[in-house]
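Below is one structure, written out as structure tokens, with a few remarks after it.
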Amino acid sequence: MSAYPSSGSLMGRTPPSAQELRNRQRISTWLFAICFMLVGMIALGGYTRLTGSGLSIMDWRPITGMIPPLSHAEWERQFALYKTIPQYKILHDGFGLAGFQQIFWAEWTHRFWGRLMGLVLLVPLVWFSITGALGRGLALRLVLFFVLGGLQGAIGWFMVASGFNPDSTAVAPVRLVLHLCCAFALYIAILWTALSVRTPRPAFIPATPEAVRIHRLVWAICLLVGITVIAGGFTAGTHAGFAYNTFPLMDGHLIPPGYARLHPFWLNWFQNIPAIQFDHRLLATTTALLIGFTIVLGLRTPQLGRDVHGALVVLGWLVLLQYALGVTTLLLVVPVWAGTVHQTCAAIVLTAAIVTLHRLRGVGRP
Ligand code: HEM
């Protein structure tokens, strides 16, 4: 019996059978496990970037690349390839084979984890489809996620390839942001699907003006967290975190001098370090304030129920933690541990925002 048909018991018209409930449980647990692995992937991606490891594997072999170098000669070949790019001379000159192996393993683990996630998605997908546990709609959606996951690997390579240009020592910021955004978008899609399989029918919340307003505010929060993440991607991609390491002022000013140095004006948001860092701070502050405001209103709206109140409070604590981590990363001039934890916590804040939104689906839906 399907765990996610487009009609019938899971839409609440007829009570689900015990078998359906079991399938729902198994399928959503599997999808939550993939979400967990995706957060791990985001953390690994941050670590790889911050340790300058991302350019260490200079070929793109989706299947055979799973096997790391097995002989000294192969290690030497890979190292010789790496020595040809400017990043080696500028960042890692003379670090020897042992140093190269260290950055190689970071990038290899990142790519291996991606392949492993593909398998964790594909094998149960085939099994659940054969046994009839998956409805057609859900099966097709999961196949699409599998294809998008593969595409994300290709985008990763598109990003890495930009770092091999003769005049660059790091990847192009726009491609880094593209890779980061696609990772987050896929994560949101799988998370939403997992939540919907686990709880297909939202708890009814009367559509009072207060409840409708909170629903809209949580939509706005999700959007703002997303934009702040993109701004964080540009902060990381342009190494903007290595400048203006004071808070809240930047070079003694609230708005840094040189914010509008580039023309046309919008170019500053993507290429001008003071503007990029200021925008990330401003967006993060607006996000945190909006979450605070929504919590105050939400807790005064009893019809939202305990689940929504609980989700809002968790979201509030997480955004505070994320804000503090951002400031710490900045003041300590981007140590690897802080940058990695800050990037990972962004995914967790987004998770809390999406869970809150999911719990509010029942506004006005009896
Ligand atoms: C809602 C709050 C915040 C969110 C969701 C957020 C999100 C992010 C993300 C996703 C990245 C990394 C992107 C990537 O590695 O590609 C990032 C980087 C960064 N963020 Fe935030 N951030 C927040 C608050 C802050 C605050 C308050 C500060 C400091 C004032 C800050 C400072 C930084 C710095 C310096 C980086 C670059 C670190 C690096 O190079 O790895 N963030 N942020």
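Heads up, the Cβ atoms here are built off N, Cα and C, so glycines get one too.
Just so you know, TrEMBL annotations never went through curation; they're auto-generated.
As written in TrEMBL, here are the features:
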TRANSMEM  30-50  transmembrane segment
TRANSMEM  112-130  transmembrane segment
TRANSMEM  142-164  transmembrane segment
TRANSMEM  176-197  transmembrane segment
TRANSMEM  217-244  transmembrane segment
BINDING   His280, His342  heme binding site
TRANSMEM  282-299  transmembrane segment
TRANSMEM  311-334  transmembrane segment
TRANSMEM  340-360  transmembrane segment
Query raised in the report: Per the 3+ Cβ pairs under 8 Å rule, pairs at least 6 apart in sequence, do the transmembrane segment (176-197) and the transmembrane segment (282-299) touch?
Result: no
Requested in this report: May I ask you to check whether the transmembrane segment (340-360) and the transmembrane segment (30-50) make contact, with contact taken as at least three Cβ pairs under 8 Å and only pairs 6 or more apart in sequence counted?
Outcome: yes
Query raised in the report: Any residues 6+ beyond the ends of the transmembrane segment (217-244) with a Cβ under 8 Å from its own?
Result: 49, 170-174, 176-177, 180-181, 184, 250-251, 256, 269-271, 273-274, 276-277, 279-280, 283-284, 286-287, 290-291, 293-294, 297, 315, 329-330, 333-334, 339, 342-343, 346, 349-350, 353-354, 356-357, 360
Query raised in the report: Is His342 (heme binding site) helix, strand or coil when read with DSSP?
Result: helix
